[in-house]
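Down below is the structure, laid out as structure tokens.
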Amino acid sequence: MSTEEIEDIFLDLAQKFGFQKDSMRNMFDFLMTLLDSRASRMTPNQALLTVHADYIGGQHANYRKWYFAAQLNLDDAVGQTQNPGLQRLRSVKGNPKGSKSLDSALNRWRNAMNNMSQYDRLRQVALYLLCWGEAGNVRFTPECLCFIFKCADDYYRSPECQNRVDPVPEGLYLETVIKPLYRFMRDQGYEVVDGKFVRREKDHDQIIGYDDINQLFWYPEGIAKIILQDNTRLIDVPPAQRFTKFGRIAWNRVFFKTFFEKRSSAHLLVNFNRVWIIHIAVFWFYTAFNSPKVYAPRNKQFPSAPMTWSATALGGAVATLIMIAATIAEFSYIPTSWHNAGHLTARLVFLLILLALTGGPTFYIALVDDRPGQGNIPLIIGIAQFFLSVVVTVAFSIVPSGRLFGDRVAGKSRKYMASQTFTASYPDLTRSARMASLSLWLLIFGCKFTESYFFLTSNFSSPVAVMARTKVLNCSDKYFGAALCSNQVPFALAIMYVMDLILFFLDTYLWYVIWIVVFSVARSFHLGLSIWTPWKEVYTRMPKRIYAKLLATSEMEVKYKPKVLVSQVWNAIIISMYREHLLSIHHVQRLLYHQVDGPDGRRTLRAPPFFTNNTGNESDFFPVGGEAERRISFFASSLTTALPEALPVDSMPTFTVLVPHYSEKILLSLREIIKEEDQNTRVTLLEYMKQLHPIEWDNFVKDTKILAEESETMTFDGTQSVNEKAGTKRVDDLPFYCIGFKTAAPEYTLRTRIWASLRAQTLYRTVSGMMNYSKAIKLLYRVENPQIVQRFAGNTDRLERELERMSRRKFKFAVSMQRYSKFNKEEVENAEFLLRAYPDLQIAYLDEEPGVDGGDPRLFSVLIDGHSEIDEQTGKRKPKFRVELPGNPILGDGKSDNQNHAIIFYRGEFLQLIDANQDNYLEECIKIRNILGEFEQYNVSSQSPYAQWGQKEFSKFPVAIVGTREYIFSENIGILGDIAAGKEQTFGTLTPRVLAWIGGKLHYGHPDFLNATFMTTRGGVSKAQKGLHLNEDIFAGMTAISRGGRIKHSEYYQCGKGRDLGFGTILNFQTKLGTGMGEQMLSREYYYLGTQLPIDRFLTFYYGHPGFHINNILVIYSIQTFMVTLLYLGTLNKQLAICKVDSQGNVLIGETNCYNLIPVFDWIKHCIISIFLVFFIAFLPLFMQELLERGTGKALVRLGKHFLSLSPIFEVFSTQIYSQSIQSNLTFGGARYIATGRGFATTRISFSILYSRFAGPSIYMGMRNLLLLLYATMSIYTPFLIYFWVSVLSLCIAPFVFNPHQFSYSDFIIDYREFLRWMSRGNSRAKASSWYGYCRLSRTMITGYKKKKLGHPSDKMSGDAPRAKWRSVIFSEVMLPLAGATIFVVAYMFVKSFPDQNGNQPPSPLIRIGIIAVGPVVWNATVLLTLFFISLFIGPMMDGWARFPSFMASFAHLLGLIGLVAFFEFFWFLELWDASHAVLGVIAIIAIQRAIQKILISVFLSRELKHEETNRAWWSGKWYGRGLGSSAFSQPAREFVVKIVEMSLWTSDFLLAHLLLVVMSPPMFIPFVDRLHSTMLFWLRPSKQIRPPLFSTKQKRQRRWIVLKYTLIYIIVVAFLAALIVLPALFRDRITFNCTVCQSI
């Protein structure tokens, strides 16, 4: 078929359906490129066949899969078209005739496809592409697209379409088919308010998202639901006419939710039920067997045999209970209207019966136990029950819950066909991989179950034996009597059980890490990737390897020596490094191949000394530790692995690189480089860069000087001016070394700008890196086809054009600049610069035209490139394609929508998705043909895919994604950068190596290659529902896996990637990961994977992705639970007499009335060791990775550096951040985090900002645990507790320890001043950052904002917070704090329930605690009420005094502080100055106050107003004129409640912050501490460190005065607070009051 014929097909389709002209041209170009790409390695006919098979009819074409899943073959069955609707319903009810069985249908389909003419095939593909190309956001719903295509295809074949002569108006398809669907999608998330689109306040479970729309088309019943506006069903219309009816479909009456993404932690239960069963049930088996005394009869030491069997057997009942809970939770996530409810109900009934079987016998045995004459029946029943429950547990932990009762994965029933096709067609693993997968998990769980049994459970049996029966004697309470305090020991035991269970979970992760590292190391040896071959050998063999692996030499005739070919490639690589200033001239000479005169007069090539006499001493060849060394060594070692065979350049497939760009920097401006950002930065960007890359800067300067001299020496008259004195030369060069240019001519400044931009995270760096592909293709083409060079021997221009043509044919590069049409002047200039530098770069952007007479604006996807000519009138470039979109495409979080609008401009077969902060290198680009070979599409058989269905070739699962390594390049300085880079190394390299092998790699990291046809026919390269798909790329990986695409990981290719590595930015990034993971937990993909994967792959998926985060949550829980355990054991140790024991552990004779708790203290030591190990294992993967890639010495050095730089502190802290962000996301939703601003890793952030950012996530929790730890240390001190002091302290002080220059004295004091002002700001007029603002922000998490400003126009942004769901609020904000308070109060009451020395019973501790806890709240309320009336009456008169409200506020806060302190002193006096009791009391009081505040906020507060008027009104007494309208009467009451809470919070924050400051003061007294600290943070020698900031004399004077004044204030405040605690402790015997009231409290 000729090009003209193909074009005619497109024109014909466009006229029949009303596609846009530009879209048609675009798709024509697309299809031609695709066919060209295929035809370059097979016959043209075969190319068309395979394309058709990939899109429409092949084994793996999504359309064919959908056609059978939705059972449309029944609808189209021949001869039954009279009434397809009834036919379908009958066949669903179930009398499928033999002819309709699936196999015969498949055969019929294959024959139909086989008999099609090439013309028809082409027409079908063209029609599909045209439908796809204009679909806009409908591209996210692939099966909906299939349905549209099916209707269009049926219509096209019908006579009425063929007989139509006049063309349909252009844009009809967009208007009638796409726009109605698009509008439905948009209106789900947005509503129109005052002519603007505003985000609706709905959470995911109320929004019908892309996935719900898509799933309607999976089932025949769903398609049957589609109705027109006159209520007729679409399927009652004959297939040929359905397309014409599309404009009349009432979409909003059709769609419904198919999965409810409700926010709750029950998702964890449903998706991962097997994990819980494996752990909790086995834990029950272990502990029930090991704690017999718990269920022994009162009068006996040990229970009878039947009872032991039966109690242990209850583990089965536990497993069944977990399943029941999961099933009930599943009911709430799935709409019951579908046929899901049926099998869920069946499952529930079955589980209840099982529960009776596994739990019932225990009751029977307990009843008949000890009765005489029973014989062996109880024993037999007990044993039977035990074995039944073992079977049940094993079954439930192995079989996926989706396969119980109605197998959704492998069942043959038609009913499950759709969900099998789209959610469970997992690609098969090879035999060896499956064995590896099974053996990995058998080893992990084998090790875990043995180790846990001996280390955790059998150790635990002795404390249980001691504690199970212990009652505490002679203690009582005024109200509760002996009920609570005598059971203190069992309470402690219960908490210990919980502790043990958490450790049981953590153990698994520990073994997982160990074994995954072992497997990974073994795998890397197997792949040949290891450092233990000496470098010398790796380098000397490199030329041979380049020749054998990178060049497609099989095709060439052996006319040239390999050396000649290799030298060209190698020289190109070295010169490209020289151009990037990585190598100096001196080094380049020693690395290049040179032409020399040989002995016999012929010219020969001399290999560089680098290959010939390489001694392993690297400094001769390139700067040590520099970028060049890293790149050359990676290149060399990557060639040792097995690479797929390369194809010749002209037959390699075409591929596209796509970069989404929003507002990232394109090129740095001169101003950004040489001006400081603010006074905290202390350094300009350029100086910072020079410090990071000294060698490269040196090379750059030398280069520039040569340039400058060349232009200087040629004076006007052509004579050379000789430099007079050589002496002035050095001075003249100074500006070069400072800023890299001497004259401000644009070409020089541009060089400096580019030098800096190539080392920062800019789009320019990405583009220039990726453009190396085009260089690589030209290079390979030239090297492998010497005849071309000969043909154009004299004519370099034509040679260049020929090379250009080839690189353009094989490689396309598109940047999706969403905001291009809205760029400001500077950005436009930079974009223009990019297009001029790289004319082949294509830019896709959104263009907007105002709508006709006030309608919606029309949006277009527009493509331009460097060859587009510039329009004279507008000065803009003329677009190549301009395709109208159905509406604004950005409906989600932005990035995936941005990719989706530009995806229609990609060309070729493969797609590489790159972020705008990446980089690429020439030597990596040379491997492109090998990487594309990983898709296994190079040697396609010449048979037709439709020939005989069982064709081996075409039944393999296609490779969907090939993952590659990432190298983190940005700011790799200092400890934080190293930790982040290390995490990336292990996450991006060590684990994927194993996961990809055993089929568990999901995530596509950014340099990954995608099989474009596979991904675009299955919903695009990323998902885009707002909020839910926060980490959009992971979802693409999950979709690929569950729809039958394989995901591979290649070790020999890497891309650079940038990260901002300051403390705040790393934590923001972790918060984003955490919230994103929280959103994933809710998603349907996790539900499908979790309930349908076979056990080994499920475990791989779980521990590889969500398990890591859940493990973090459990680590934090383990610390908290352990604190509570210590608290309880501490109370026992403090109040009871502990027996002395002999060496065997038997109680000594004559010890009466004592409690044997020694085994319990041993257990504590074991626990601490466990927690310590779990934490320590986090460093193992990094160490092994380093060992493999760099050798032993470097690994030890790196580990040592980490520990000296306190990285464990950071690890603890980041664990807390992870766990907190997931939990808050699952409870409240909303990925709302406070940004800390970018800036360098060297910027100092002030105390108040750090405090407000991290108080909520971790400082408060750390401080509460610190108090518990303090009590534990007072009551049971073991040296093991030191580890806990470190880790709990690190939760509080980590942000400050990693803050640069935290300990420089003047900055510290100025911070203190800033902090005091921050605490008191914002009451008389609005301030940007104030304590009040921070407090409000953390409150709105629960209360949400009011919808509108009253009286103000609504400026509601899409980031608005709706009120949290009451269910989650009741649990997390009411129940949990209350439970905590109860636990601590019980402990305190126990301590207080013993008689004093004189034998008097103490008064009720409950009353004492109550008075001290509620007292301050009441005091605050009275103070506030008085002040409210004072300000109400005096305020209006004080109009002239602007600071009056501030004065009132400060006065109130001061009184609140005094009240709190006074109550504390009173309490301490009541405790008779006993420190440990006082600490315990304070713990209980804090817990109670916290509960009160949380309940006040969550229960009594209405939504928050958007502005701070009410606060200022409260203090100033002026409630009128604030725009409050009628709510001026209700607001004071609400504000009163708020203020009560705020007073308590303010005082506690004030005290807390001072405590933190005191903890951080001691390091100030170390001499040179700032130097030491900076060395620790940045790993720079003191001489290399960044200079201190320069201040003017005036500023210095001012600062000196501030420091003096505030040092004094600081010392006074701290001394006062310390005195309140220390003085009474010193003079405790002198201070006695007689107070009658006190005796009764």
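The backbone N, Cα and C atoms fix where each Cβ goes, glycine too.
Whatever TrEMBL says is automated annotation, not expert-curated.
Here is what TrEMBL records for this protein:
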type	residues	note
DOMAIN	119-231	domain '1,3-beta-glucan synthase component FKS1-like'
TRANSMEM	268-289	transmembrane segment
TRANSMEM	309-334	transmembrane segment
TRANSMEM	346-367	transmembrane segment
TRANSMEM	379-399	transmembrane segment
TRANSMEM	479-506	transmembrane segment
TRANSMEM	512-535	transmembrane segment
TRANSMEM	1110-1130	transmembrane segment
TRANSMEM	1163-1184	transmembrane segment
TRANSMEM	1369-1391	transmembrane segment
TRANSMEM	1411-1435	transmembrane segment
TRANSMEM	1447-1469	transmembrane segment
TRANSMEM	1601-1627	transmembrane segment
**Prompt:** Quick one: do the transmembrane segment (1369-1391) and the transmembrane segment (479-506) reach 3+ CB pairs under 8 Å, ignoring pairs fewer than 6 apart in sequence?
**Reply:** yes
**Fill in**
Residues in the domain '1,3-beta-glucan synthase component FKS1-like' (119-231) per DSSP class, helix first, strand next, coil last, are 73 helix, 10 strand, 30 coil
**Asked** What stretch, picked from 379-399, 1110-1130, 1163-1184, 1447-1469, has the most CB pairs under 8 A with the transmembrane segment (346-367)?
**Response** 379-399
**Asked** Which listed range (379-399, 1110-1130, 1163-1184, 1447-1469) shows the maximal number of Cβ pairs under 8 Å with respect to the transmembrane segment (479-506)?
**Response** 1110-1130
**Message:** Below 8 angstroms Cβ to Cβ, which residues of this chain, lying six or more residues outside the transmembrane segment (1110-1130), approach it?
**Reply:** 268, 272, 488, 491-492, 495-496, 498-499, 502-503, 505-506, 509, 1157, 1160-1161, 1164, 1167-1168, 1171, 1174-1175, 1215-1216, 1218-1220, 1222-1223, 1261, 1265, 1268-1269, 1271-1272, 1274-1276, 1284, 1287-1288, 1383-1384, 1387, 1480, 1483
**Message:** I'm checking region-level scores; what's the whole-number mean pLDDT for the domain '1,3-beta-glucan synthase component FKS1-like' (119-231)?
**Reply:** 87
